[in-house]
Amino acid sequence: PAMLQLPLVVTARLDLVLVLVTLLSLWTRLGGLGYPGAVVFDEVYYGQFLSLYMKRTFFIDDSGPPLGHALLALGGGLPWQRAAAGLSVWSLRLLPALGGALCVPLGYLLVLELRCSHLSALGAALLLLLENSLIVQSRFMLLESLLIFFVLLAFFSYLRFLNAPGRCWSRYGWLLLSGVSCAAGGLSRVTRGQPLQVAFGSQVTLRSSAPRPVPCWLHSHKANYPIRYENGRGSSHQQQVTCYGFKDVNNWWIIKDPARQELVVDSPPRPVRHGDIIQLVHGMTSRLLNSHDVAAPMSPHAQEVSGYIDFNVSMATQNLWRLEIYNREAESEEWKTIVSEVRLVHVNTSAVLKVLAGSDVTAVAEQSTSINLCVCVCLNIVCCHNYPRSGQEQKEREAELHSPTHIDVDRKISFWSKFTELQWKMLTVKQEESEHKYSSAPLEWIAMETNIAYWLHPSSNAQIHLIGNPVSWGVANLSLLAYQLLAALYLLRRRRGFRDLPDGAWQRFASVGLLCGGGWAVNFLPFLLMERTLFLYHYLPALCYLHLLSPALLEHIHTHLLRTSRHVLGVCTAAVLLSVFLSYWTFCPLTYGNPELTANQLQALKWRDSWDILYRRR
Amino acid sequence: MEKEECISQWHKTRDSSIVRNRKVFPSPEQTHQSPITPESKIKQDDTPCSNGSSGDFSARGSADSPNQLLLIVVTGLSFATRLYKITEPPHVCWDETHFGKMGSYYINRTFFFDVHPPLGKMLIALAGYMTGYDGTFPFVKPGDKYEHHNYWGMRGFCAMLGSFLPIFAYLIVQELSRSHTAALITAALLIFDTGCITISQYILLDPILMFFIMAAVLGMVKFNQQSSRPFTAPWWLWLVLCGAALAGALGVKFVGLFVILLVGLNTAGDLWRILGDLSLSLVDVAKHFLARVVGLILLPLFLYVLVFAVHFALLNKSGPGDGFFSSTFQSRLIGNNLYNVSMPEYLAYGSTITVKNLRIAGGYLHSHWHLYPEGVGAKQQQVTAYLHKDYNNMWLVHKPDNDTQSQTPDLVRHGDIIRLEHKETTRNLHSHLHQAPLTKKHFQVTGYGINGTGDTNDLWQVEVCGGRRGDLVKVLRSKVRFLHKATGCVLYSSGKTLPKWGWEQVEVTCSPYLKETPSSQWNIEDHINPRLPNISLSLLKPNFLEILLESHIVMIRGNSGLKPKDNEMNSKPWHWPINYQGLRFSGVNETEYRVYLLGNPVVWWINLASLGLYLIMVAVSSIAIQRGISLQQKRLEHSDILTGGGGLLLLGWLLHYAPFYVMGRVLYYHHYFPAMLFSSMLTGVTLDTLLRNADLLLCQPYSDWLQRGGQMVLLFTVLHSFYMFHPLSYGMTGPLAHEPGSAMAGLKWMDSWEF
């Protein structure tokens, strides 16, 4: 029969350039991924979150919505990688590197979707391929490469949607994909959150919400009140309790149920409510928050507050505190982080814990002798922590206290209320004002005035820096400037009735500018208004758009502006690409951390005075 | 429309100068061809007040007279409400303590520093001077009694300028909407707003600022109307007036930048339109462009600089603002220790010195009896930069080993190693490999050791910029760098303000980047050495442009330094349009005379609702036009007014409001008032257009009644609310609002209001 006559045929069209670019990209991003074997820069940070994801404990992050972390954990959690005991660095870094590698072919396809030629697309792909900063950023367990991938994917699928012939179903598939990647990529910029309630066994820091003297945390440390003060007054000689204005490991307290010995959080957790009697255990020293009828160090009219030490001098413990949630009508009867304002009433003496201004900036926590509503100070929970087990080693405990904060989720809270609470907190909670050694201002990014040192070999000069390819950054800035000038010129001339371009070409020119220039603008300008700590890698998504713009602009100039000396342009382009490659090659040692360079070679690589390149003194 | 044209024709024969206000449509032919009869009817209905008064005299001749009559009424009411009880309360209220004090400084000619440009305070001083205020009242704190001092002149002047706001608003809205009722609604909203009254009645910069803002907008709108007659005298007049008002606005507060932006955007749009008009040659376009550059850029710039020139010429005596400025600047001021200064010329060992950073508004090297807190580098004594002259700015210059006192002290030379000992605390200037508190790339600088004995980290190498080994260090004139011997870093002032533990002084670090910048250069300002002869030093007098630049940078620094403090209740921008919380101008207790700055809630909430209404109306009309629904000529005109005039006002509101969301400085409720003026004008346009389109809902006679009724209800509501809330502005005594028997009983509609 005729049917059997038909050959079994697979016809496939393969863009060999695309394949080649993809391979090169995989090679540059994935080669030697396991090196360095040490934890690099922010990997510390994400790594900790990640292990928490894998343990499926809920935590509060302050860097971005959780998708990126979850993806990282997914990469680490793939079954064939689990086989190895523990997680290898390589497997953790694989996913970001893949994301970073796929950006290059995606850039190629994007330029094609902008209706430029394959040659332009190749140019864009090469610029992305040879961008040292993109390579560095995707070779570690960091989120930016995934972010860039999703941003580009959203952009690409939206263009596919626009360019697809009408009324075909795949078109809406692209639209859907675009939406999904928007949600995935676009949102990963907002910052931080912290929800949830306090349970018995929770580990907390208590911040005074009083305006005066300074916002500070209830604090204790391994030092006792002096037996006699300078003016001759005596003290209990027990452990000092103060209010400390800075974040410190000694600010952590554990909420203990007086009726029980354990310090673990039950499952389900038992929330602390208004009126509950609690004890507070200092995390680092295990002393109980105590108060007694001894004059306080700075204000003798008030009672002293101490971390109780039993000196066997018939001074009984008085460490029971009643929790009063001050704003329980507005909020809830249960103790919630941040929102609840609480007072701690000393059960034996009915006094209230309060902060009095001492002569020093760090104030002293004291006990007022009477309940007086106006002078009472509300304590505000800032962070919650799930205390592991009592009786652990001090060192382990400290490590635990330094790790990111997390808490067991009350499973009864619906997904949506959790979701909205988290979103709201991410938008409203302000970041601490502090500067990182490698942070930079947005305007410095354009000229790449700063770099970030990611890693330095423990014994040699081998090091990895986030430094972009200076030549391609120059090309990117130049093309942005050239595009703006050209667009202004065209606009003015069109307004005066000169039609330099046919309408189709003009529209294409405008849309390229709107998409790429606009992409750059929305990925860059908002940073100018942000007051948080920013780093050079925040600029990378914006940079990608410029790398797409450059070849498109060049093609425009080639087809519409130059009538004669086109081969000159070709030669120039080739020369620029060559120099891009050469500068990539020059900075390779700082990108891959390999080979090691001598101090002189490093000095030669310091193209700008403001770059920090590290030398090891020998 | 027909009527408008007729009027203009009629006027043309009599007085051509009136024509310019009337002829507003770019293509008069078109309006000739499409006369709509209902329009003229509505025009007549617009002026309900005139119907009774002017009778049936002449429908044509009365068109301007109700306008003038209304304007007179508006003017009268405006002045009356603002000047009523102007001298009450007879004590210092709120920020009068600053601006009154600064007025006194001008009268006494003592130099001071403020974060705002000087024009507003100069005008206040002028008003005070003219009315017999002698500048002797100290303005120490709010609540101080004025007693015999003539303060009414300064208050009256501010109130006068504040009284112009409703008048300007009336004229602007009339120009934009070509409707008396819209203008009248706007004027009523502003006249009877308690907030506008209160803020106009005291010695503050805001009424002056808003006067200039509104004048600039009025100039711009009038100038736009002249666009069909370029380069005529009125065209130039309005251009120049607009430019002058812009200079005034910027000269009072930097908020004036927003109105400059508004005028700039409007002008850019205007030029774009002119460029697209192919009937104009490029030369004409260039002329237009240059005229605007002259009128709106060069002239304001000149006036603005002139204001500063007067400012510097007036203030020639030393005063509280000296320390903010460089040594050369201070040498201009009579009474300053650098004025005709005489001191030992070359830096010597054993001298007591003050060291000033060379960056603009860089402070003196300072230390005090306070340690860096735990967690901020080493817990040693703080070293900061401090902008005020203080005993803690004194340092002693020592040789590395303890000095051997010879008869004539040795001079310090380029390349010498020295030790700087803080005179008050006897600690040495010290640095080490700890991160600086804020600039983490730099090293921490501390005070270390006691009685001058420390360690090798206390040694600094003196380097005169541009000098050679062995050069002497000239006091005041040499730029000096201090290189830390042990780490190789250079003493640096980052300009960042330390948090509370550092008393909000400026951070001093040791920078490993050795590039020569003013931040790392210092000069020796005071130099005391009894064993050396004092020599009179004539400093290089700075030129005017240097002074101008320096004072601007100092002002900008000062402004960004006004960070909200954690313990202060900070007003948020979203509070403002909903009138969430006002400001206490005077008095807290029952016994005191209380004035509370709070907008008339009815007015403010009408404004807020109108903003939403405006957006809905624009959306509806745009969708209708976009879908090609055929509309009557009248509706198209209304739509034009909404998008054109209303759009301009909305832009004005946005420009004066939105930037506050990204401002880091501390914000107050009264920052919203310029935006509120725009919002009120927009309300006038919106509500008037809404009421005029009442015939969409009802048929002919009823719709007119509805329109008239709506206007009446609106007016009555505003009046009545003013009657209820007027004690906020004119003063309350007796019990607070939550107690019975208070004048404001039952009016505390929001818990956040504090009266």
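In case you wondered, yes, glycine gets a Cβ from its N, Cα and C as well.
Just so you know, TrEMBL annotations never went through curation; they're auto-generated.
Taken from TrEMBL, the feature domain 'MIR' applies to A:195-258 (among others). Taken together, the residues of the domain 'MIR' (A:195-258) have an average pLDDT of 72.
Summarising the annotation, TrEMBL assigns domain 'MIR' to A:269-326 (among others).
Under the heading transmembrane segment, TrEMBL lists A:90-111 (among others). For the transmembrane segment (A:90-111), same-chain residues at least 6 beyond its ends with a Cβ under 8 Å from one of its own Cβ atoms are 17-18, 21-22, 24-26, 28-30, 33-34, 47, 50, 71-72, 74-76, 78, 81, 84, 120-125, 127-129, 134-135, 137-143, 145-146, 148-149, 152-153, 155-156, 159, 544, 547-548, 551-552.
What TrEMBL lists as transmembrane segment is A:117-135 (among others).
The transmembrane segment annotation in TrEMBL covers A:142-161 (among others).
Taking Cβ pairs closer than 8 Å, the transmembrane segment (A:471-492) reaches residues 127, 130-131, 446-448, 500-501, 506, 509-510, 513, 517, 520, 543, 546-547, 549-550, 553-554, 576, 579-580, 582-584 in its own chain, all 6 or more past its ends. Per TrEMBL, the feature transmembrane segment maps to A:471-492 (among others).
Taken from TrEMBL, the feature transmembrane segment covers A:512-530 (among others).
The transmembrane segment annotation in TrEMBL covers A:536-554 (among others). Within the chain carrying the transmembrane segment (A:536-554), a Cβ under 8 angstroms from the stretch's Cβ atoms is held by residues 103, 107, 110-111, 114, 116, 119-124, 127-128, 131, 133-134, 137, 142, 144, 147-148, 151-152, 438, 440, 442, 445-446, 448, 450-452, 466, 468, 472-473, 475-477, 479-480, 482-483, 486, 512-513, 516-517, 519-520, 523-524, 527, 569, 573, all 6 or more beyond its ends.
Annotated transmembrane segment per TrEMBL: A:566-587 (among others), in sequence order.
For the transmembrane segment (A:117-135), the residues of the chain that approach it from at least six positions outside its boundaries are 15, 17, 21, 24-25, 28-29, 100, 103-105, 107-111, 145, 148, 466-469, 472, 475-476, 536-537, 540, 543-544, 547-548, 550-552, 554-555, 573, 577, 580-581, 584, 587-588, 590-591, judged by C-beta separation under 8 angstroms. The list of residues near the transmembrane segment (A:566-587) in space but at least 6 beyond its ends in sequence, with Cβ under 8 angstroms from a Cβ of it, reads 123, 126-127, 130-132, 467, 469-472, 475, 554, 557-558, 605.
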